[in-house]
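To start, the structure itself, in structure tokens.
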Amino acid sequence: HDTCIFLKLQSAAAKFAVRQVNRRFAKSMNRNANYNIRERMANRFEVDQRAALFGSRFPGKGAQKPKDDMYAATSREMMERQNDAAIEDLEDKVGQLKDITRSIGSSIKDSNSLLDQMGIDFDKAASLLKGTLGHLKGMMANKSSKHMIYMVLFVLCLFMLMYFLRKLSFGSGGATSIQLKENASQGN
């Protein structure tokens with residue numbers, strides 16, 4: 001109940017302060033018929049905005065009631081606590097962002113080194129392939145049928161080997177995946 005009254009008083013004090021600022025602004029607008037925004041911006045510190053919103057910091061200025069001072073002080077204290085909590089939250093988030101950026105930086109360095117190594121490996125593979133194609137061209141230029149028979153037999157053996165390895169891997173791999181699926185469904 002006390003907090004409800006406190007919040008109502010706080011909002012009423014804030015509305016009063018805003019009205020005061022608006023009145024002072026309207027008076028300053030009416031003072032000068034030749035209103036100049038640059039002049040207004042130069043004189044914007046004429047009115048103590050903080051004092052208008054929260055009350056004077058100095059006891060001699062303004063005649064406020066002690067209750068208003070008490071409510072204003074508690075209001076300021078509550079806002080300072082909220083600001084401190086928000087600052088701590090921001091510090092935590094900045095720390096998290098710092099860690100994330102560091103991990104991104106290290107990941108980028110690793111990726112760049114991997115790409116450099118892959119470029120070197122591709123260059124080596126390209127030179128090896130170029131040499132192999134040169135040898136094949138030389139072999140094809142040779143009219144001897146003996147080399148052609150060896151090449152055809154090698155390709156056939158290679159395809160047969162790949163066929164049997166594929167059959168062997170699919171034969172055992174299929175049963176393993178079925179057992180895994182059965183075990184997974186029985187576990188649920």
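In case you wondered, yes, glycine gets a Cβ from its N, Cα and C as well.
TrEMBL has this to say about the protein:
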- 77-139: domain 'T-SNARE coiled-coil homology' (DOMAIN)
- 147-165: transmembrane segment (TRANSMEM)
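Shown for the domain 'T-SNARE coiled-coil homology' (77-139): DSSP residue counts in helix, strand and coil, namely 63 helix, 0 strand, 0 coil. Mean model confidence for the domain 'T-SNARE coiled-coil homology' (77-139) is a pLDDT of 91.
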